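Here is the structure we will look at.
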């Protein structure tokens, strides 16, 4: 029979109606001769009642054979429950079954289909089709669909044009490692899966599209963590003839629309703007979480005269004050934080506690002469814990920024119901890579430098500033963008500053440079990480929870066993040969 409605949508208004439902058996209970079934579909759970006095012996026998995750079809009359279940939207009603058909049986599942399961991640991914049956996973993906629907409607209203760009593109040397695709037709040549549609969307501006968007898959072969996947989705925008402020206004409007339509939250516009240098100085991060205080304090000048060379001779001394937390952290706890500090390059972590108006701790004796000044500078009160890092400014900022976030989580200082958006602006154009031993693009090599610093492209690259902007939500980089270079000579200077010879630049980006000979308009844009955005809206801590079929932290899929080996014939067609490593040879 035709399904009447979703099980999770049956309400009191349907009492007395005969309906047909289809779904999965969530739970079966036998009570006083009656059989109760929780029927589950994507919209929720509906209680079924099978009464032996009102159904045939065949229906009763079928009901007795039901097990969890059997797929069934039932017909019956909606009735009011004697005792309502306030925890379910369908809790005021039940279905008195008159007909029952088993559409398919099921083996015992490797974990219960319910929220809050204890299965490990690889088991969940191995049986992802079962994991996705769980209500919280269904809700996460329904939320994702609502977000993308809201985004499309908003951008369509603003006359953005949805244009698909190629997945088989050219490998470029900047950024993360590419996923390469060998060409069978062009032996020895490779496509790259795009890390973003950056250049193609810029070329669409040159083509006169004016406003482009795409919700697009991107690929990066990089180390994984909770908010990264090898393939991910971004909301990609590009515009012509707009200022950075206008692009940011459009983006804020998009986010405000999504927040209202999916969470019922009105966000305050415009979002705060924080300069990059200020974000690093105050929060120790270029993606600051502003839901709590504990700002970094610069004490370099305050401690200059102390008889403690670690402080007095350090390039920078910075501190954070953990208010009222002196009793929360033992010496052993602080030793653990010291190990965290060392991971960020710090040589150690100094600390004092305020006890009965006095400073206590390993370095307290060196600070007695400046206790009053220190107390004023840090607004110290009894029971405060102060953590110091004496090192380069970069190390001090990064270390205390990491500790700030860790401590806030440990002490429950973060209001998880808050959504604090902000812009980080006035970025450096380049960042020094210890691994590469050179300056690299902080964003990408197509970012427009601020006019007043562009002359440093041939001088001190550390002084070049970009017209770039990142949007941050609760300590996560939600997205980033910039105005782009549209003048050929400036783009060539940028490539040269990054160490490209003219030949290398032409080999890698000649098509873009050539396009700049044909009236390339001023343009700029932005990309938002859709997976990360939905993760934060859903209150999850890993983007796997909002992606239907993600990879694990080894970039593999336990369900399909991808990546896998392929037949020798396939490799030969591609003129490829796999070399065994030494480990394989000895095993």
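The backbone N, Cα and C atoms fix where each Cβ goes, glycine too.
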(request) Among 229, 487, find me the residue Swiss-Prot lists at the same ATP site as 220, 221, 222, 477, 529, 530, 531, 532. (result) 229
(request) From the ranges 194-197, 198-201, 202-205, 206-209, pick the one that Swiss-Prot records as region 'Aspartate'. (result) 198-201
(request) Report the nearest neighbour of residue 530 (ATP binding site) in space among the binding-site residues 220, 443, 484, comparing Cα positions. (result) 220
(message) With the ATP site defined by the record as 220, 221, 222, 229, 477, 529, 530, 531, 532, how many Å span the farthest pair of C-alpha atoms?
(response) 19
(request) Find the average pLDDT over the region 'Aspartate' (198-201) in the predicted model and report it. (result) 97
(request) Do me a favour and check the Cα-Cα span between residue 220 (L-aspartate binding site) and residue 477 (ATP binding site); whole Å is fine. (result) 17
(request) Run through the region 'Aspartate' (198-201) and tell me, per DSSP, how many residues are helix, strand and coil. (result) 4 helix, 0 strand, 0 coil
(request) Take the C-alpha atoms of residue 443 (L-aspartate binding site) and residue 477 (ATP binding site) and report the distance between them in angstrom, rounded. (result) 13
(message) Can you give me the Cα-Cα distance between residue 532 (ATP binding site) and residue 484 (L-aspartate binding site) in Å, rounded to a whole number?
(response) 25
(message) I'm trying to understand the geometry here, so how far is the Cα atom of residue 477 (ATP binding site) from the Cα atom of residue 484 (L-aspartate binding site), in Å to the nearest whole number?
(response) 20
